[in-house]
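> Structure below; questions to follow.
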Amino acid sequence: MTEQGRYLSGVFCTLLYIFIASTQSVMLNIWLYGVNVFLVVGLSFVVVTIVFAIIGFLRQREAYVTLFSQWRLLVALNIVSMFNWLFYFLAIKYLEPSVAVTLTQGLGPVSMTVYLLSAGQAVSRVTRCCHLVIFMTAIAMCAYTVMFRNAYTLYSREAMIMGIIIAVLCSISITATVVISKRFAVSKIPASALLSLRFPMLIVVCLGILAFQNNVVVSSTIFYVILIIALVGVSASIYFLQKGIELTTPLAVSTVLALSPLAVFVIQLFNNHTPFSPILFVMIMTIVSVSIVSIIFDARQIGRKERIRENF
């Protein structure tokens, strides 16, 4: 497969992740009201870890030697994964789904660009301009949401502001996760083997917090929904995301993830509790449009560099 082909395959895998995760975001916003987040996250990732551990043990045992030889990086991945999933579920709980996803996923390219520039790596002027537009639009969206969309949530403005802060922190932790995961991908670590060891810290923290909480409601229905979340919403989606990280560049993954808000917004239209907002739609389309421009530009740059190497 050519370098450009790998790039586009990675983009496609990331798009599959967006479709699954976007559907889950809308459903979770409805279902998580009154349900303990730590119970959902803890048990979901117990199932996820078991699924990928079985796959890894049966098919990729040799990969664990390489994984454990990079134990410091593995611990770092556990820490950032813990933060991004906890922050994601909390943001989805307190914010309108399209807003939560815009901030958690849409701001990823901005923080990735900041990271690359601070590390002394080159980022094209087109990409920097696109990500500046994303950043300014996200600020406007936060203000609009707090002032005009609070009537469509079950929470106070204070809770919404807290949700916005959590969502921004989530976007930063997602960027860190993409960067660290890419280092494992460069070492040829299979996605399923890595995913089997990515969440132990998240599980321990969630179940530890849960042990000190009272009046936690548990029923067969909750367990059934958690199983669906774990197998479809989490396992399938993060596998595609991990493959996307493996096949393409970190900046491409972060930029493609910025398309998530539009998918969530469209799915959200089927929810009668959150009516259509033209202003919100324009903001989301702005972020999506500049993300597409950035993706196309970067893909052409990679193709151009590949042709230059072939000519020499």
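Positions of Cβ are set from backbone N, Cα and C atoms, glycine also.
Pasting the feature list from TrEMBL:
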type     : residues : note
TRANSMEM : 7-31     : transmembrane segment
TRANSMEM : 37-59    : transmembrane segment
TRANSMEM : 71-92    : transmembrane segment
TRANSMEM : 98-117   : transmembrane segment
TRANSMEM : 129-147  : transmembrane segment
TRANSMEM : 159-180  : transmembrane segment
TRANSMEM : 192-212  : transmembrane segment
TRANSMEM : 218-239  : transmembrane segment
TRANSMEM : 251-270  : transmembrane segment
TRANSMEM : 276-297  : transmembrane segment
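Describe the structural context of each listed feature in the structure shown, including burial, neighbouring residues and relevant distances.
Sequence-distant contacts of the transmembrane segment (7-31) (same chain, at least 6 residues past either end, Cβ-Cβ under 8 Å): 1, 89, 92-93, 96-97, 100-101, 105, 225, 229, 232-233, 236-238, 240-241, 243-249, 252-253, 256-257, 259-260, 263-264, 267-268, 270-271, 273, 295, 299, 302.
Counting only same-chain residues 6+ beyond the ends of the transmembrane segment (37-59), those with a CB under 8 A from a CB of the stretch are 85-86, 89-90, 93, 190, 192-193, 195-196, 199-200, 202-203, 206-207, 209-210, 213, 216, 218, 222-223, 226-227, 229-231, 233-235, 238.
Beyond the ends of the transmembrane segment (71-92), by six or more residues, the same chain brings 25, 28-29, 32, 37, 40-41, 45, 100-101, 103-104, 163, 166-167, 169-170, 173-174, 176-177, 180-181, 183-184, 194, 197-202, 205-206 to within a C-beta distance below 8 angstroms of the stretch.
Listed as Cβ neighbours of the transmembrane segment (98-117) (distance under 8 Å, sequence separation of 6 or more from its ends, same chain) are residues 18, 21-22, 25, 29, 87-88, 91-92, 123, 127-128, 130-132, 134-135, 138, 141-142, 145, 149, 163-164, 167-168, 170-172, 174-175, 178-179, 250-251, 254-255, 257-258, 260-261, 264-265, 268, 274, 280, 283-284, 287, 291, 294.
Sequence-remote contacts of a segment are chain residues at least 6 beyond its ends whose Cβ falls under 8 Å from one of its Cβ atoms, and for the transmembrane segment (218-239) they are 16-17, 20-21, 23-24, 28, 31, 35, 39-40, 43-48, 51-52, 191-192, 195.
Taking Cβ pairs closer than 8 Å, the transmembrane segment (251-270) reaches residues 7, 10-11, 14-15, 18-19, 21-23, 25-26, 96-98, 101-102, 105-106, 108-109, 111-113, 116, 123, 127, 134, 174-175, 178, 241, 244-245, 276, 280-281, 284-285, 287-288, 291-292, 294-295, 298-299 in its own chain, all 6 or more past its ends.
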> Which bits of the chain, at least 6 residues beyond where the transmembrane segment (276-297) starts or stops, bring a Cβ under 8 A of a Cβ in it?
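For the transmembrane segment (276-297), the list is 11, 98-99, 102, 106, 109, 124, 126-127, 130-131, 133-134, 137-138, 140-141, 144-145, 148-149, 252, 255-256, 258-259, 261-262, 265, 269.
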